[in-house]
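Enquirer: Take this structure, written in structure tokens, and hold onto it; I'll ask about it next.
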Amino acid sequence: MSANLTPRAKFATTLLRTAAALSRATGRGDGSVIGGRVGLIVEPRLLELLAEGRHVVLISGTNGKTTTTRFTTAAIEAIGKVATNSFGANMPTGHTTALAKAPKAEYAALECDEHYLGQLLDAASPKVVALLNLSRDQLDRAMEVTALAAKWRQTLQTSAGQSTIVANADDPLIVWAASVCQRVVWVAAGQSWTADSAICPNCGSHLDRFGEFWRCTNCGLNRPSPQWSVAQEGEAVVGPDGRRYELNLQLPGRVNRANAATALAVASLFGVDPAQAAPRLSEVASVAGRYAKVEREGRQLRLLLAKNPAGWLESFDMIEPHPPVVLSLNAREVDGFDTSWIYDVDFTSLAGRKVVVTGDRRTDLAVRLEVDGVDFIVVDDIRAAIAAVPPGPVEVVANYTAFQDIRAEFNRVN
Ligand SMILES: [Zn+2]
């Protein structure tokens with residue numbers, strides 16, 4: 001904890017809080033980024049100083065890190081206060097703010113942008129690092145996904161130190177990156193998207209897959225035996241000793257059961273009894289608007305965020321089989337201007353249901369659905385989409401800025 005801060009660090013922390021509060025008061029978001037920036041200018045080692053003496057977990061990966069961080073926080077709160085960057089400010093400025101805002105928290109659960117993992121390993125000396133998955137992401141075209149895995153592998157080798165890694169045994173890129181570490185707890189967290197791991201990240205040969213198992217035909221890199229997994233039957237996580245921990249999640253889909261498995265694996269490394277932690281996960285109803293349920297004109301909308309091809313596939317697995325589906329696609333800066341990735345996503349599972357298409361790039365999406373033989377109608381915006389479907393449940397799937405637009409329409413629902 002931060003009891004022993006230097007005078008400079010205390011001053012930096014005070015300025016950070018002031019800047020964040022001003023930013024909030026002037027309606028510019030939650031102030032995490034600007035606050036952290038100010039604090040780090042005054043004391044460049046502020047993140048390190050604030051992390052000192054706390055038990056930290058870093059959570060990173062392409063998809064699911066916000067939800068897994070939320071689950072992990074809920075689980076560890078069974079034994080103490082947890083500092084967390086719950087608003088998705090997942091770079092060092094956001095981490096610094098999260099720690100500054102919770103000076104008395106003995107624990108910290110920090111969602112970490114994939115590109116800052118090395119920096120955070122050095123600054124926060126985490127007790128645990130959870131690595132979820134790596135796949136192509138429109139938010140970031142700066143680095144090809146295998147190159148990112150290679151960077152992680154190198155970073156973990158030099159900087160993981162005393163950390164225990166909780167890693168997804170089903171993602172070959174994650175296994176390759178994490179296998180350089182001494183202490184790894186493997187979780188069968190699944191991989192719905194296999195297009196980015198058809199070949200071995202270690203040697204470039206073909207990967208064979210048999211059911212859940214995968215193995216390189218050349219160098220022998222293969223799926224490690226997981227200690228934690230999602231139960232085949234019912235909604236539960238199975239722990240290292242074979243014991244079942246029943247889940248009663250409000251968040252949908254197998255992907256979220258896998259996120260829960262990772263959270264329980266992490267929490268148990270912090271000394272939390274998984275039996276005590278599991279029921280706490282069911283209290284999470286939505287995460288920064290994701291999975292939020294909103295009502296408008298007799299329609300019950302459920303909002304699903306899907307930022308990249310893997311995310312879209314996962315969302316189709318989460319939606320109920322019958323309700324109409326609204327798809328909204330934008331291509332603004334943070335989404336990536338190029339929408340060609342929608343051709344990587346198989347939309348055929350939507351055939352036979354009512355599909356409404358909207359967003360800035362609705363025409364691109366319409367052409368894509370046409371190619372997959374899915375019937376649809378095109379409308380101008382979410383209001384028109386609501387009017388186009390009958391009263392009752394509606395599933396809404398949107399990429400990043402499209403999702404934020406829809407949240408704004410519902411007064412930034414959380
Ligand atoms: Zn290989």
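Backbone N, Cα and C atoms are what each Cβ position is placed from, and that goes for glycine too.
What TrEMBL shows for this protein is this:
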ACT_SITE  ASP338  active site
BINDING   CYS200, CYS203, CYS216, CYS219  Zn(2+) binding site
DOMAIN    59-267  domain 'Mur ligase central'
Enquirer: Sort out for me which one of CYS200, CYS203, CYS216, CYS219 has the most neighbouring CB atoms within 10 A, since those are the binding-site residues we care about.
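Expert: Max Cβ neighbours within 10 Å, all protein chains included: CYS200.
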Enquirer: Using Cα coordinates, what distance in whole Å links the residue listed as 'active site' and CYS200 (Zn(2+) binding site)?
Expert: 28
Enquirer: What is the set of residues, excluding CYS200, CYS203, CYS216, CYS219, whose C-beta falls within 8 angstroms of the centroid of the C-beta atoms at the Zn(2+) site?
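Expert: Once CYS200, CYS203, CYS216, CYS219 are set aside, the remaining close residues are PRO201, ASN202, GLY204, SER205, LEU207, THR217, ASN218, GLY220, LEU221.
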Enquirer: Give me the count of other Cβ atoms within 10 A of the Cβ belonging to ASP338 (active site).
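Expert: ASP338 (active site) is surrounded by 11 other Cβ atoms within 10 Å.
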